Amino acid sequence: MSPQTETKAGVGFKAGVKDYRLTYYTPEYETKETDILAAFRMTPQPGVPPEEAGAAVAAESSTGTWTTVWTDGLTSLDRYKGRCYDIEPVAGEENQYIAYVAYPLDLFEEGSVTNLFTSIVGNVFGFKALRALRLEDLRIPPSYVKTFQGPPHGIQVERDKLNKYGRPLLGCTIKPKLGLSAKNYGRAVYECLRGGLDFTKDDENVNSQPFMRWRDRFLFVAEAIFKSQAETGEIKGHYSNATAGTSEEMLKRAACARELGVPIIMHDYLTGGFTANTSLAHYCRDNGLLLHIHRAMHAVIDRQKNHGMHFRVLAKASRLSGGDHIHAGTVVGKLEGEREVTSGFVDSLRDDYIERDRSRGIYFTQDWVSLPGVLPVASGGIHVWHMPALTEIFGDDSVLQFGGGTLGHPWGNAPGAVANRVASEACVQARNEGRDLAREGNEVIREASKWSPDLAAACEVWKEIKFEYETIDTL
């Protein structure tokens with residue numbers, strides 16, 4: 001290095017370590033419409049001031065590192081750095097704070113959920129100055145939203161494709177999830193669809209195993225779809241799981257589904273990865289396929305209250321990356337989910353514009369502009385007695401998915417499907433007549449069961465089944 005170069009590099013540079021808050025804690029900062037905003041729940045190590053912890057989060061997830069570097073002088077840190085602009089204590093929790101961080105839009109690649117998450121939730125979650133860190137919410141500015149395709153089709157286009165309006169869609173996950181041959185699997189699909197369901201589904205871990213290779217399954221399922229459509233006069237579908245070990249194999253499976261003429265496929269978007277998921281979503285839009293998203297692995301990330309990432313963030317990521325459906329809990333079933341919290345991220349999936357509402361866990365107003373909405377899927381431990389509550393909580397623009405609640409019917413799969421369809425239509429009719437499903441729901445189901453033996457049998461089997469556990473992830 002020449003003396004001249006050394007002199008230029010050294011101008012204004014002072015080596016050493018300085019507090020993050022001197023650069024990255026800026027309570028006077030006024031956020032811009034183009035900023036990506038993040039709300040982090042942070043638990044600093046003993047002795048670490050919350051301002052220093054919040055600034056460290058902003059620094060390590062944007063331009064900062066642990067020491068001063070001379071190359072800071074070669075760019076404009078004020079333009080590119082993340083800023084912790086507000087900190088508030090969490091009520092009822094000792095040494096927990098919500099840190100609000102603003103990121104300039106230029107830090108992120110357009111149309112890339114992968115890059116967005118690599119930056120914001122990358123290395124910072126292992127930072128030693130923090131005992132725990134959780135990303136509670138993100139505000140994605142319209143200028144960044146518009147760089148994404150989002151869902152392949154969206155709610156209205158899906159309804160038009162299926163020619164089904166004014167009620168929740170009904171589905172069923174085929175069980176046992178592993179071990180069936182392709183022919184028996186297709187038989188189970190056919191029975192459910194002819195009984196009145198709109199969809200059946202591969203479980204998340206059904207890929208291409210020795211007992212049932214993917215192509216065999218796709219062929220038998222397609223036969224079941226077309227046979228049930230011919231019998232019922234309704235459009236039917238099965239979420240054939242295209243998730244695979246490579247993106248190339250995933251797209252090959254999607255191409256097979258397209259050639260068979262089926263309406264929908266499925267992807268495990270967390271285990272499959274955001275890059276693969278976005279590629280698949282683009283393929284689905286180009287080729288007229290609906291895309292169902294399973295959230296397998298989400299609880300590893302979102303279950304703990306003080307560390308990880310809330311599902312509302314993963315839900316927003318799925319809308320950006322692309323999916324027409326995504327699993328969203330049930331509130332009343334066997335899986336985790338508080339009602340107000342669930343309603344918050346369900347609205348974030350479906351609506352064009354969502355106001356800030358901390359009572360529902362919504363930290364920021366979100367404008368999705370032209371991005372299509374996503375149907376929330378209620379699935380996991382639900383049965384006919386849950387139908388009134390599910391109809392009230394999720395409304396018409398949803399998929400209510402009964403696996404054991406269909407296949408566990410004492411008379412078989414088709415009667416199980418009939419029971420769910422009758423219960424759903426009874427609840428929709430009662431709601432449309434002005435009845436209060438929260439108060440009269442059980443009576444609505446009992447009345448419908450008087451003229452439906454299939455529903456009456458289902459009511460008897462599941463009359464005592466409840467999943468009454470305390471929710472871990474509360475507001």
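Think of each number as a place in line: the chain as shown, counted from 1.
Note that Cβ sites are derived from N, Cα and C of the backbone, with glycine treated the same way.
As annotated by Swiss-Prot, active site, proton acceptor applies to Lys175, His294, with the evidence given as sequence analysis. According to Swiss-Prot, the substrate binding site annotation covers Asn123, Thr173, Lys177, Arg295, His327, Ser379. The Mg(2+) binding site annotation in Swiss-Prot covers Lys201, Asp203, Glu204, and the record cites sequence analysis as its basis. Residues annotated as N-acetylproline in Swiss-Prot: Pro3. Annotation source Swiss-Prot lists N6,N6,N6-trimethyllysine at Lys14, citing sequence analysis. Feature annotation from Swiss-Prot assigns N6-carboxylysine to Lys201; the stated evidence is sequence analysis. According to Swiss-Prot, the feature site 'Transition state stabilizer' maps to Lys334.
Locations of recorded Swiss-Prot features on the structure.
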residue : record                       : DSSP (3 states)
Asn123  : substrate binding site       : helix
Thr173  : substrate binding site       : strand
Lys201  : Mg(2+) binding site          : strand
His294  : active site, proton acceptor : strand
His327  : substrate binding site       : strand
Ser379  : substrate binding site       : strand
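In this structure, the CA atom of Lys201 (Mg(2+) binding site) is 36 Å away from the CA atom of Asn123 (substrate binding site). Take the Cα of Lys175 (active site, proton acceptor) and measure to each of the recorded positions Asn123, Asp203, Glu204, His294, His327: the nearest one is Asp203. Ranked by how many other Cβ atoms sit within 10 Å of their Cβ, the binding-site residues Asn123, Thr173, Ser379 place Asn123 at the bottom. In this record, substrate is bound by Asn123, Thr173, Lys177, Arg295, His327, Ser379; the longest C-alpha to C-alpha distance in that set is 37 Å. On a Cα basis, His294 (active site, proton acceptor) lies 14 Å away from Lys177 (substrate binding site). On a Cα basis, Glu204 (Mg(2+) binding site) lies 10 Å away from Thr173 (substrate binding site). A gap of 28 Å separates the Cα atoms of Glu204 (Mg(2+) binding site) and Asn123 (substrate binding site). Applying an 8 A CB threshold to same-chain residues 6+ apart, the list for Arg295 (substrate binding site) reads Asp268, Tyr269, Leu270, Phe311, Leu314, Ser318, Ile326, His327. Around the Cβ of Lys177 (substrate binding site), 14 further Cβ atoms fall within 10 Å across all displayed protein chains. Cβ proximity to the Mg(2+) site centre (mean Cβ of Lys201, Asp203, Glu204, cutoff 8 Å) flags the following additional same-chain residues: Thr173, Ile174, Lys177, Asp202, Asn205, Val206, Tyr239, Asn241, Met266, His294. In this view, the densest Cβ surroundings among the binding-site residues Asp203, Glu204 belong to Glu204, judged by other Cβ atoms lying within 10 Å.
Between the candidate recorded positions, Lys175, Lys201, His327, the densest Cβ environment within 10 Å is the one around Lys201. For His294 (active site, proton acceptor), the Cβ neighbour count at a 10 Å cut-off comes to 28, with all displayed protein chains included.
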